[in-house]
Structures are given as C-alpha cells and as structure tokens.
Ligand code: CTP
C-alpha cells in the first residue's frame, strides 16, 4: 500500500500557511488490511480510519457515486484498485487535489500548483457537482484566500450557478450549511463569501432574504477587521432585514442561540441605538429591560459592537453613552426596596421606578 498526504495540508504548505490537520490517503489497501495494522474505523460505512498512535485520519482511496438527492445520497466505492488519480479527480478544487508521498514528492495530476500560482480556485472535474456543499466551500476558500489575491475561475462559477439552479442547495442540511457559513464568517474577508455566492446566483437559493436586501457587507468586513465574535458578525450581516427575514435565516440554518438572539435584537434596536443620545429615559429603560442588561451584560456589549461596526466611522459615541446608561440602571440597589417589605410584582415595579430615576439623572447629566 502507498500512503499520501492530501488536501489542505499539501495546499497550505505550498502557500506557506500554517497546517492545522493532516489528512492521509491510502492507495492499494483493503479495509481488512487497515484493521490488521491497528487502524480504527471512524464509521460503519465510511472508508476512513484513525491512526492507532497519532489519531490522524487515513482514508482509503475511493470513487464516489451519487445515488440520490441531498446529503446521504452517496455510495462509496473503495477498493485496492482505485488509483491516486481516481481519488483526486473527485475532489472539489485543483488546489485541494494534490498529494505528497512520504519522500515529499508532489503528485499533481490536475495542476493544482499552477492554479495556486495563478491564484485560481478551479474545480477539478464535473464530479464537483456530486456534493452541492462545495458551492459554499468554494465561497469560503475565496473569503479565506482573498488577501492572497485568489479568485474563483469563471468555469467554476458557471458550474456553481448550475448547481444553484438545480435546486440542490436547498437540499443541504442546516447543519452542514451552517458549518460552512460559520467558518466563512470567521475568515478575515467574510464579505467575499457573500459576494461570491451572489455572483454565481447561489445566494438567491441559500439566502434569498439577502439577495437584493440591504447592503451590510461593509459592516461585516469591519467586524472581521476588528476581530469581532461570531454572533456580532452574523448580526452585522442580517442588519437591516425585516424581522421575518431575520427569523427565517436564523431558523433555516439553525444558527446557535447566541447568534439568533443577537441578530433579532440588532434588527429591532439598532436604529434606536444610533439615536441613543437623543433618547428619552423611559425609552432607554425599555431597551435596557428588553436586553436584560442586569443579567446579560455581554449580550448588550455584543449589541453595541454590532451597531458600531455598521457605523463604519472612526467613533461611535452612542456606544459609550449606552454603556453608561446600562451602568446607571445596574447601579440601582434592590436591597432598600426589599427592606421596605416589597416583594413580587410590587418589587419589580419599584425597581423599575428607581432605574428610571437613575436614567433621568444620567441623561440630564
Ligand atoms: N473535499 C472535497 N469535497 C468536500 C470536502 C472535502 O473534495 N465537500 C476534499 C478536498 O480535497 C479537501 C479534503 O477533502 O482538501 C479535506 O477536506 P477538509 O478537511 O474539509 O478541508 P481542507 O481542504 O483540509 O480545508 P480546511 O483548511 O478548510 O480544513
């Protein structure tokens, strides 16, 4: 059997980027031979194994045949007669379809090195279409490697367009799609992910709410440059959409709760935050109550960050002002009210009254 390093590890080494995990490809072996050498199978019907000592992934060379619609509609053919070229041709991009043997010799039958040098994301073969998730992967790689000058090849964009039109993107599971979206949002140029999806028409199928909606990409870019957390980036992207559209996107991709919540709150309150300096104390209080700034201070911070990213200017004085207001409301002590014998709803009302007074003082000062 021959063992090759494949995929991202080869690509990133050639790009001079840090290699996080290494995938190995085994040619000329059977499942039984792998097990006899102590490799542990990862799943029942998937020809991938973990190395007994390093824990790295070793996959048997395989060809893949589409047997149905949607994810799960795959059958795998792995056998010792599947060659390196057979395996590599069914991978997504030429830059991901290179292999290196144990002596460090590069195997590059589909010219991945040339495309790396030309900064091109190009599909290897029509087999690209076997997995529609690759449309999102390509857009994600475009976002990741944009600072290096990478572009998607025209013929690959055309194929991505066809996949979108085939309806296959809607058949992807929420979990697989979200994983790509999340990784793309955390790249340094996440707006490129959306731009690429838009340019091949895929955005219309994946996120129609965003396809002709408000332009929020500058805010998203800013959020990445300022290294904001995932929920802030997601909220920046969805800002300006109607509440129903935000909800639909949240649910379609089963976004994590923190992302969902922040996107909804930004949708509802961002405009008011922009006007914070002119806000009446009662409206400020209503907003702070809605955010539950007393128990969820970080969520309010993330909200302010998302508003600040969209402001795009050098400063956002509203942010400091809102922080100050939250502090003033939070500083109200509940103890004297309890000592007066107040409980339940009466205590709640009294506390609100005291907070309002504190905000009146804050806004007056
Ligand atoms: N691959 C593919 N199609 C997919 C997923 C993976 O062709 N839908 C192939 C590519 O050759 C890829 C390799 O499997 O390089 C490993 O996949 P993965 O670990 O997901 O990605 P990496 O290329 O290692 O990239 P990343 O740095 O994003 O992990």
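FYI, residue positions are counted from 1 along the chain as it appears here.
Just so you know, glycine gets a Cβ as well, placed from its N, Cα and C.
According to TrEMBL:
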type	residues	note
DOMAIN	4-122	domain 'Poly A polymerase head'
BINDING	8, 11, 91, 137, 140	ATP binding site
BINDING	8, 11, 91, 137, 140	CTP binding site
BINDING	21, 23	Mg(2+) binding site
DOMAIN	149-211	domain 'tRNA nucleotidyltransferase/poly(A) polymerase RNA and SrmB- binding'
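Checking the binding-site residues 21, 91, 140 against ligand 1, the ones with a C-beta less than 6 Å from an atom of that molecule are 91. Highlighted in sequence order, 7, 92, 93, 95, 96, 141 have their Cβ within 8 Å of the centre of the Cβ atoms of 8, 11, 91, 137, 140, the residues recorded for CTP, and are not part of that set. Among the binding-site residues listed here, namely 8, 11, 91, 137, 140, 8 has its C-alpha nearest to that of residue 23 (Mg(2+) binding site).
On a Cα basis, residue 8 (ATP binding site) lies 8 Å away from residue 21 (Mg(2+) binding site).
Ranking the binding-site residues 21, 91, 137 by other CB atoms within 10 A of the CB puts 21 at the bottom. Cβ environment of residue 8 (ATP binding site): 19, 20, 21, 23, 96 lie under 8 Å away, each six or more residues apart in the same chain. When the Cα positions of 8, 11, 91, 137, 140 are compared pair by pair, the longest gap among these CTP-binding residues is 16 Å. Most Cβ neighbours within 10 Å, among the binding-site residues 11, 23, 140: 140 holds that distinction in the structure as shown. DSSP assigns residue 140 (ATP binding site) to a helix in the three-state reduction. Residue counts for the domain 'tRNA nucleotidyltransferase/poly(A) polymerase RNA and SrmB- binding' (149-211) under DSSP, helix first, then strand, then coil, are 47 helix, 2 strand, 14 coil. When secondary structure is read from DSSP and collapsed to three states, residue 21 (Mg(2+) binding site) falls in the coil class.
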